[in-house]
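Beneath this line is the structure, given in structure tokens, with notes to follow.
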């Protein structure tokens, strides 16, 4: 380009600017995202959980990991080294001379801008004597001084400096490329090409290809695609799956195969440890030859999972492998639930095969609870508490206490509970009560409606029904305290009512006599006020009727009074009917406004839910044998327990910290009638805390489509007016064309 020059950085100054910017773009974001968080905060959090979760396996492993881990130290060292390089480069750049700056001859001569000609000559003479090359001065500095003197004394040079910023006149603009000149030197061309080819044709494709190959093997939930296909095959093949079969399918996942997952391992000691565990467990279908259940990795995973559910002690060689299997199980079971829901939707829409039964989906949920708590299906939920063993359950299920669930244990009186748990010391008893008080208690409220319909409470065949479920979570201890307060309040109110109702016997009798006298008087007045029988008109217009004659009443007066009374009664009835119609209209308008406000609020809630990203960190689960910290999550769904089918797909509630509102939608049955469904809430972490709430559905016939609606009827006058307007418009356009 004319007037422009591009040159590589021979001095290296521009390259330092580029290198400083590049290092800063890496170090600053890396520090924000990779700098280890405050270890003291984590230690304080663990300290606050110690009283309740101190005996949990995940808690002890977390403490050991925080004490032994050197990864935070290495991260800090790497980031500090990056900052040291960045600051060093910044210091280097600050010391570089500025090459591109406005030329000012007064600054070169060390003069003020308003210096006179004699002062300029005097300063030039002094500097030239000092920096002249013949006297040992710097030639470059001397040339700058001479150029500045010429710009201030020569008229043409002065004009060039004022107009172009340079005494020599216009010059080409130079641009520096932030790369050293040796990169484009012909001697180093082969080396530079080799580096570029290695970086962009070998390393970059290998990195991208490796990332792509690993990413396509996993689903969005980080489950192997092959595992998802395996689950779909067996759930399609066996719609009704019992717990034993479900355990076999779960442990056949490819996550436990060392060929598909590097975290899974096969050890030489497995040939000794696994058969010993099989003998202790008993019948676990070892002789089943169906692949992949007969593969070594599947058999090992199944044995380790069953040993975890039986709370058996294993050797240190396989304990790490058992933790890996148990840690992976909840995510794999959630994937099985998702696969079951997909098959259910496909069966409902297409047909042609049997959808997984409700018992299969619920067994997946139960197995998740069992794997988190390390308990078999037939065991008591009380064994989730610390210091509880099998031999202690006989005290709880005795005829005196009849405690079989956690709720029974909470609702006991303090004295009875302490007497029942007499096998525990004071410290152990306090720990049990602290753990029990931390367990969740969920209150579930349901609301049934049909959104976007004129009558939201009228469910018609085929309509989309929305069940809004409001979940409120409290700690078991808080719930027990509130219930005790309610009981005390009800007891006090009943006692007050009983005191009010206690009266003397003779007072009751006198009141009864008075009431009887009043009732008799009312009956007598009613008999006297009975109206005359209705009169009928004959053909000749005369009025006939059976009228009883009284000695004290006159016929004429009574007839005139009756006529006036009838007129008054008709006018009063009209006024009453008008008032009733007005009140009905007001009530209907009020109902419409309430429905509209409720609809707007629901829309706003949905928009907020879409925009907000709630944290999935809710409450840590108390689990004695689970190897990592797990958050408290729930499943919410609607089912028809009589037909053993899902009505709405299970919704995984992962953000229930205090309260949560969930909408479950499903199509109403195509046939009219009454239906009995169940809204079911299941924990994915605790046994014995599931809730089932009945949901009654009354389905009516759908309204017929209207062929004619009052809004569609247009009067003839309006149609004529519209036609007249159209014709006038056409005539006006024709006149305009003629004028043109």
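Here the Cβ of each residue, glycine as well, is placed from N, Cα and C on the backbone.
What TrEMBL lists as compositional bias 'Basic residues' is 511-529.
According to TrEMBL, the feature compositional bias 'Basic and acidic residues' maps to 554-582.
As annotated by TrEMBL, compositional bias 'Acidic residues' applies to 583-597 (among others).
Residues or ranges marked as compositional bias 'Acidic residues' in TrEMBL: 715-740 (among others).
TrEMBL lists 104-165 with the feature domain 'J'. Look at the domain 'J' (104-165): DSSP puts its residues at 47 helix, 0 strand, 15 coil.
Under the heading region 'Disordered', TrEMBL lists 500-600 (among others).
Per TrEMBL, the feature region 'Disordered' maps to 706-740 (among others).
The annotation transmembrane segment is assigned in TrEMBL to 15-35 (among others).
The transmembrane segment annotation in TrEMBL covers 70-91 (among others).
Per TrEMBL, transmembrane segment is recorded for 190-213 (among others).
Looking just at the domain 'J' (104-165), the mean pLDDT is 79. Residues 16, 19-20, 23-24, 26-27, 30-31, 34-36, 39 of the same chain sit 6 or more residues outside the transmembrane segment (70-91) yet have a Cβ under 8 Å from a Cβ within it.
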